[in-house]
Amino acid sequence: MGKYVVALDQGTTSSRAIIFDKEQNIVGVSQKEFTQIYPHEGWVEHNPLEIWSSQYGVLQEVLAKTNVTADEISAIGITNQRETTIVWDKNTGEPVYNAIVWQCRRTASIVDELKKDDEFAEYVKANTGLLLDAYFSGTKIKWILDNVEGAREKAEKGDLLFGTVDTWLVWKLTNGKVHVTDYTNASRTMLYNIKELRWDEKIINKLGIPTSMLPEVKNSSEVYGHTNLGGVGGVRVPISGMAGDQQCALFGQTCFEKGSAKNTYGTGCFLLMNTGEDMVLSKNGLVTTIAVGINDKIEYALEGSVFVGGAVIQWVRDELQFIHDAADSEYFAKKVEDNGGVYVVPAFVGLGAPYWDMYARGAIFGLTRGANRNHIIRAALESIAYQTNDLLTAMAEDAGCKLASLRVDGGASRNDLLMQFQADISNTQVLRPIITETTALGAAYLAGLAVGFWESKEEIATKWAISKSYGPTFERAKREKLNKGWKNAVSRVKGWAE
C-alpha cells in the first residue's frame, strides 16, 4: 500500500492535483488555469483538450515538485465541474465540439419548447430529480447533435461518445479503454432515472440521443481502471473514486448523517443536504440528486445551485476593476458599516434555485449620491450570502426543519466578513473546518476507501475539525429588513432578457 492518494480536481476555471497522506494532510498542490471561451452572449465553452492537458500537466507537476514517486500513490480520485458536456469521436479521440459548460444558456429555447409538454416536465422532475433547465447536460448533447455538421449521423452509427468531465478524464487516463461515469455525475445529466438507477429511455428518446453514446454508470468508490504513471513501463495506479464536485464536498465535509448540510462558495454556490435513502422531491425550487453511491447503496441529497457566487467578485475585479485581487474585497467592504442600501443581484447568466429564471439579468439597485465603490463591493459580497439564504429557506421548508448549523468550504469561505454576514442574515451557526479543500478531500476519500487506504466512513468522520465558528448577531427586525430589500431587488431582474 502506497503512502498517498492523489485527487484530480477539474474545476470551472482551473485544473488542480492535490496529494493527501493518510492523516488528510496536504503534501502538495499544483494548479493551472485554462481558457474560458464566450462565443456569444450567454454561451460558455472550454476546449476539452485543454481540460485534459491542464489536468494531466498538474498531475505530473505535483509529483515532480514533491518528489513523490508513482509507486507511493495508492489511488487516484477524480472530482469535476458537473453537467459540462463533452462529445468525442471514439475512434480518433477528438472532440467534435468544445465542451459546453454548465453555465452556458444556449439551449434555453430548447428547454422552453420541452416545457410546453407539462406531462414531460413533470416526468423529468419525478424521475431525474431535476427541473427542465439549460443547466443540465441533456439539452447540451442535443444541441451538439443538431448543430455540429455530421455529428448526428456519426452518433447514430455508434462512433461518438458522451461524457461529463469525469468520464472524459478517465477515458484519457486509460487510453480510451474505459467509458464510465459515477452515480452522482449521471444524476446531473437530466437523462438518468435516479429512482430506478438507469438511463431513462423516455427522456433520451425525446431528446433524440443514441444510447450508444452514454457511459456505463458505476459506484462513486470502486476501481474503474488503471493509468500508467511514469510513461511506458511505468507504475499502474488505480483510478478508484469519482464524484461531481459538490457531492465530493459533501463527502469531504463528512456530511454522512441524514440532515447534515454544507455550502461550497466557489464560482457558484452549492448547498447540499444529505437526505439518506429518502428521495425527497422539492416543492421549493430545489433539485433532488444522488449524494453518493457506494457498494450499490445510494444516498440522496437536496441541492440548491447559485450560478454566480464567488464569480461576482471576479466581475468586480475584472470588469468593474474596483479591486486588483479577489482577496481585497473583504478589506474594501469593511471600510463601510453596511451596504448603504445598495444591492447587487449577480444574475449574469440567469437565476438558479429557487427561482430558475433563465432570462433574469444582473443589476445594481439602491444607488444614491452617497454610494461609493466600497458599498458596491460590499453589496457584491453580500449577494453571495443572500442567495445562499434563499436556498437555506427553501431547504428548511422541504426538509421540515431548520438547519442547526451549516458547514462551509470553497475559496470565499475564507472571507470572514462574508461568513459572519451569512450567519447573521440566515440566523444560523456557520462552521468552517480546518481543511477547506473538502472537494478534493472527498475525491481522495472515495478513492482511498475503494482500495483500503482508509477503512471506513467512521474512521474518516473522526478527522473533521472546526477552524472557526460564526454565530448570528443580528436582531430579527434588522435581518428581516435586509432580506426584504434583497427580495425586492431580485423581483426586478426577473424575465429581463425575455
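Keep in mind that glycine also has a Cβ here, set from the backbone N, Cα and C atoms.
Features reported for this protein in Swiss-Prot:
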- Thr12, Arg16, Thr267, Gly310, Gly411, Asn415: ADP binding site (BINDING)
- Thr12, Thr13, Ser14, Thr267, Gly310, Gln314, Gly411: ATP binding site (BINDING)
- Thr12, Arg82, Glu83, Tyr135, Asp245: sn-glycerol 3-phosphate binding site (BINDING)
- Arg82, Glu83, Tyr135, Asp245, Gln246: glycerol binding site (BINDING)
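Annotated features, which come from Swiss-Prot, shown on the structure.
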| residue | record | contacts (Cβ under 8 Å, 6+ apart) |
| --- | --- | --- |
| Thr12 | ADP binding site | Gln81, Thr84, Val101, Trp102, Gln103, Gly266, Thr267 |
| Ser14 | ATP binding site | Gln31, Lys32, Glu33, Phe34, Ser54 |
| Arg16 | ADP binding site | Leu8, Asp9, Gln10, Val29, Ser30, Gln31, Lys32, Val58, Ala440 |
| Arg82 | sn-glycerol 3-phosphate binding site | Trp102, Thr164, Val165, Thr184, Asn185, Arg188, Gly244, Asp245, Gln246 |
| Glu83 | sn-glycerol 3-phosphate binding site | Trp102, Tyr135, Phe136, Ser137, Lys140, Thr164, Arg188, Thr189 |
| Gly411 | ADP binding site | Tyr265, Gly266, Gly310, Ala326 |
| Asn415 | ADP binding site | Ser329, Glu330, Leu381 |
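Taking the Cβ of Thr13 (ATP binding site) as reference, residues of its chain lying under 8 Å away and at least six apart in sequence are, in sequence order, Glu33, Phe34, Gln36, Thr267.
Residues Thr12, Arg82, Glu83, Tyr135, Asp245, recorded as binding sn-glycerol 3-phosphate, reach a greatest CA to CA spacing of 15 Å.
In this record, glycerol is bound by Arg82, Glu83, Tyr135, Asp245, Gln246; the longest C-alpha to C-alpha distance in that set is 15 Å. The highest number of surrounding Cβ atoms within 10 Å, among the binding-site residues Gln246, Thr267, Gln314, is found at Gln246. DSSP gives Gln314 (ATP binding site) a helix state. Summary: among the binding-site residues (Asp245, Gly310), the fewest other C-beta atoms within 10 A of the C-beta are counted at Gly310.
Taking the centre of the Cβ atoms of Arg82, Glu83, Tyr135, Asp245, Gln246 as the glycerol site, the nearby residues of that chain (Cβ within 8 Å, site residues left out) are Gln81, Thr84, Trp102, Arg188, Gly244, Phe270, Ser305. Within 10 Å of the Cβ of Tyr135 (sn-glycerol 3-phosphate binding site) there are 28 other Cβ atoms, across all protein chains. Gly411 (ADP binding site) falls within a helix when secondary structure is assigned with DSSP. Look at Glu83 (sn-glycerol 3-phosphate binding site): DSSP puts it in coil.
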